[in-house]
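Pulled from TrEMBL:
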ACT_SITE  Ser213  active site, charge relay system
ACT_SITE  Asp348  active site, charge relay system
ACT_SITE  His379  active site, charge relay system
DOMAIN    133-386  domain 'AB hydrolase-1'
Amino acid sequence: MSAQVEADVRTISPEMPAMFDGMKLAAVATVLYVIVRSLNLKCPTAAPDITCQDTPLNRYLLKSCPILTKEYIPPLLWGKSGHLQTALYGKMGRVKSPKPCGLRKYLPMPDGATATFDLFEPQSIHSTGDDITMVICPGIGNHSEKHYIRTFVDYSQKQGYRCAVLNHLGALPNIELTSPRMFTYGCTWEFSAMVGYIKRTFPQTQLIVVGFSLGGNIACKYLGENPANQERVLCCVSICQGYSALRAQETFLQWDQCRRLYNFLMADNMKKIILSHRASLFGMSSSNMEAADLSHLYTATSLMQIDDNIMRKFHGHNSLKEYYEKESCVHYIHNISVPLLLMNSSDDPLVHQSLLTIPRTLAEKKQNVIFALTLHGGHLGFFEGAVLFPQPLSWMDKVIVSYANEK
């Protein structure tokens with residue numbers, strides 16, 4: 001009997017290593033497949049998809065701004081993943097970020113709030129010899145000290161632009177609120193105050209309006225609210241905004257592209273900003289907030305819950321829907337008559353594809369609008385680089401300045 005077992009063992013043993021080798025190869029193949037799929041390594045690169053009317057001005061702009069019609073090539077190993085582009089922007093902003101020197105300005109607002117912005121003078125003469133100021137509105141909860149803003153400002157200064165960067169009300173950790181109000185999705189009061197200061201202080205300057213993400217919504221809403229706001233404005237550039245707060249928040253409840261997770265993370269960040277100003281927002285006699293609102297804030301897990309319990313009350317909106325409708329640039333953007341470049345990325349995990357019908361339709365109907373949609377770039381990423389390490393300057397920075405140079 002034992003002889004038979006030994007024979008069987010000798011018969012099976014040579015086959016076992018081959019079987020294990022096959023399992024290892026299968027495991028490696030599975031891992032590689034997951035990596036290729038998750039990093040979209042097989043996805044091609046391409047030039048942005050451009051939507052605009054065929055007018056002499058648009059033909060001139062696209063010819064004079066060739067970066068918009070050439071292939072955008074992200075870093076080879078990870079640049080085709082919108083999640084990684086977004087995560088790197090969110091964590092680092094940019095690599096090797098410069099530190100431009102500017103002056104912080106403080107502007108008293110009619111309701112007792114204090115708006116702040118940073119002013120950076122040009123480091124060279126503009127190619128046209130003109131005095132041009134970029135008025136910049138950063139993304140949600142951002143300010144002039146964020147790395148992606150510093151990188152863009154430094155590059156713009158070297159191209160001959162003065163830069164004015166709005167610090168969203170309540171976003172700077174070392175600046176106390178002087179009224180029970182902070183920034184919202186579409187309140188243009190502080191941005192308007194900054195632009196007004198620039199126009200008064202530099203009566204000869206012309207303006208380039210630039211908005212990133214939420215800042216794009218504010219910038220476009222500001223220009224569309226009143227035709228007078230477009231005076232001395234050469235053009236406007238909006239990057240990665242969602243256009244409609246109501247439709248955007250509905251998509252944030254979905255799990256595709258991990259959007260529900262992003263919703264939670266951004267809500268947590270908003271919660272920290274609000275709580276850092278708890279004394280001003282909840283303690284002042286003129287505050288609209290109650291103790292119950294603070295309790296609801298602690299338990300909030302989405303932006304919609306925070307907006308409903310806190311944000312809408314800053315401006316006295318009766319409902320969440322009213323707040324989103326009044327704060328969205330989609331109801332104002334068609335009033336903009338200056339050249340307008342709207343740019344989004346197809347793999348942006350924060351901006352749902354359904355929202356991109358808004359800029360596309362606008363570009364089809366209005367002669368002054370160009371809509372550029374890239375395959376890759378994530379949310380405010382648009383990193384460039386050969387294989388692994390991204391360059392300090394992003395493709396997005398180059399596009400904005402290149403477009404502005406032709407105005």
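Backbone N, Cα and C atoms are what each Cβ position is placed from, and that goes for glycine too.
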Euclidean distance between Cα atoms of His379 (active site, charge relay system) and Ser213 (active site, charge relay system), Å: 8
Neighbouring C-beta atoms (10 Å sphere around the C-beta of Asp348 (active site, charge relay system)): 26
Spatial neighbours, same chain, of His379 (active site, charge relay system) - Cβ under 8 Å, 6+ residues apart: Gly82, Gln85, Thr86, Tyr89, Gly90, Ser213, Cys240, Ser345, Asp348, Pro349, Leu350, Val351
